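**Student:** Handing you this structure, nothing more for now.
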Amino acid sequence: MKADRNRYIIINMKSYSESFGRSSTEIASYLSEAQEEYGVRCGVCPPIPWLRETVGSGVDVYAQHCDPNEPGAATGFTSPEMIADAGASGVLLNHSEHRMKLYEIENVIDRSRAAHLRTVVCADTPRAVAAVCALNPDVVAIEPPELIGSGISVSMARPEVIVESIAAAMKSGSGTTVIAGAGISGPADVKRAYELGAAGVLVASAVVKSRERRKLILEMASELASAEKKNHIS
């Protein structure tokens, strides 16, 4: 089934010990299955050491971070050009665990676009969403930091943050897609986020640490595929 570019599930694997070894390709294979069965656009953010081997899985593969440094004498930094050379689809930027300055985000977005990489930028408030949308990323993920890893989802605990973020994005006129993250733990959280107007979700520990990864991914994709927006702002 062709992936719906307006419904997203992206798994950020972070640096959990559960992300080591074959976990990246395993999760990518489950996402590929979900994408094929439900038509939801899926992506994975593996740790850098497993980035290249995850490419070719049939889903979007994003680097978890990217630096604004130009190629050259920059030990330990990762440029957009390096990410593109590894075959990745895009980059995740400005996660609350790896914050960036606005000018750095702009630099990486511009160079990523030139390298044909998609950009997913995290923002912690609706105001930050507006600032990020002015830079024209492909996707912005609204993630209140206090809910990250809490098991309490933004779609249930702070629905107004999603609604206000979507309004801010639409007001910007950028065409940037808004997804929701922070505490997303199950299918009900995914469905509620979409009902509120988000195009999908950014998920981490709930999937990465799960002993039933495939089941959870497929359930989330099923709920997202069948959900309908109830409070969509037009």
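Every residue, even glycine, has its Cβ placed from backbone N, Cα and C.
Here TrEMBL flags His95 as active site, electrophile. Under the heading active site, proton acceptor, TrEMBL lists Glu143. Annotated substrate binding site per TrEMBL: Asn12, Met13, Lys14, Ile148, Gly183, Ala204, Ser205, in sequence order.
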**Student:** Round to the nearest Å and give the CA-to-CA distance linking Lys14 (substrate binding site) with the residue listed as 'active site, electrophile'.
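**Tutor:** With distance taken Cα to Cα, the residue listed as 'active site, electrophile' is 10 Å from Lys14 (substrate binding site).
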**Student:** Could you tell me the C-alpha distance between Glu143 (active site, proton acceptor) and the residue listed as 'active site, electrophile' in angstrom, no decimals?
**Tutor:** 8
**Student:** Which one of these binding-site residues has the most other Cβ atoms within 10 Å of its own Cβ: Asn12, Ser205?
**Tutor:** Asn12
**Student:** If you skip the near sequence neighbours and keep only those at least six away, which residues in the chain come within under 8 angstroms of His95 (active site, electrophile), Cβ to Cβ?
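**Tutor:** Counting only residues 6 or more apart in sequence, the Cβ neighbours of His95 (active site, electrophile) under 8 Å are Asn12, Gln64, His65, Cys122, Glu143.
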**Student:** Would you mind pulling the longest C-alpha to C-alpha span across Asn12, Met13, Lys14, Ile148, Gly183, Ala204, Ser205, which the record has binding substrate, in angstrom?
**Tutor:** 14
**Student:** In DSSP terms, helix, strand or coil for Asn12 (substrate binding site)?
**Tutor:** strand
**Student:** Considering the recorded positions Glu143, Ile148, Gly183, Ala204, which residue's Cβ sits among the greatest number of other Cβ atoms within 10 Å?
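**Tutor:** Result for the most crowded candidate: Glu143.
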**Student:** Of Met13, Lys14, which of the binding-site residues has the most Cβ neighbours inside 10 Å?
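**Tutor:** Of the binding-site residues Met13, Lys14, the highest Cβ count within 10 Å belongs to Met13.
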